[in-house]
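First the structure, in the form of structure tokens, and then the observations on it.
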């Protein structure tokens, strides 16, 4: 499961800037005034070799009232969910009374806390560190989030503080074995995820009600259909941040991201009556980032007129060209139509994501694609692609060896991926291609001439007029 790292601190110490720097995004609003971040932002970042969920929280103020008290409640919930807390202070402002109060709260939380001194530009590091010595938290990690200084050291320290990776352990998981397909059912609230799980199981295992946000925990349930074992992971709906008010419900998004990370195949449920929304595409981006096999499920399809269905299909064709490899299934979870088609699509995506691709056949496909269409020339030379082999599964990875592979454009990589997908019949899974330049055995070696060659060159110089 993805560990959670929370960023906390008083207002205007650079928490959102640090969040954007670590996630390499601009998701968190940044301004030179306190109180800009009221709601939590979340994103995926890497702590050493491990991915984690990074949470940006609002600033904590003393004697919080009104909206500030709501922000404080959200921060406390973030700390409870986190494995590691990054306590950010301002090196320019030095230690303040608000910082001392936050430290006392963090000590009561019994969480692993790293002290991070931001805005270190133009300051002596040892002088800035001395200001925070009385907190008793050791020497702070000095960074400049705005200029990305000190981030590598910070991530190394966070990696050491994270608990060891443990296998997923669910109370209801009796079939958690290599043969079980982990299927995560994700989507916005009230699109029918829990109804689908109940329909598959034939029982009211998951609370289903016509109100967004009914499911708040990630629930793992074993299932066997036609001799195939599944582990269904039902998640709380992902909804617009402006509509999420309760602390527990806000963390449903984190649980959805964790479910995606656990899954082999993700069923992204859409409400066919509403079409594709921005929240759907955001969630789809998380699925692609994790490289999971994907099935797009259009629920509530049975009650739509023919013209509405045609418009929905046209919209998906237009907006989802980048996931053309994913199968789309129309269904009604309430009435049970389309269930078998969904399971067939999940099995096909699973087989494609775990397919064993032989090196010889893969190299033949690569050579045929290269002969049919070569990559463009760069500085008068073109890349040479020699052979390919499989580099992993879930998702399938293809490693291509050659020379000058750094000049291969993204468009040509997509062309090669499409050729591989078409040849092997992959459906429902992304395909990742990596390039490796072959080592030149003569690199760095001087081409020394034999005595006979030296004598010949000496004779030829007599005729060219060149002096030794």
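Note: Cβ is positioned from N, Cα and C throughout, glycine not excepted.
Curation does not apply to TrEMBL; its annotations are automatic.
What TrEMBL lists as GTP 1 binding site is 9-16, 56-60, 118-121. When Cβ atoms from all protein chains are considered, those within 10 Å of residue 57 (GTP 1 binding site) total 28, not counting its own.
The annotation compositional bias 'Basic residues' is assigned in TrEMBL to 454-468.
TrEMBL lists 3-166 (among others) with the feature domain 'EngA-type G'.
The domain 'EngA-type G' annotation in TrEMBL covers 181-354 (among others). Residues belonging to the domain 'EngA-type G' (181-354) score a mean pLDDT of 79 in the model.
Here TrEMBL flags 436-468 as region 'Disordered'.
Packing around residue 9 (GTP 1 binding site) is summarised by its Cβ count: 25 other Cβ atoms lie within 10 angstroms of its Cβ, all protein chains included.
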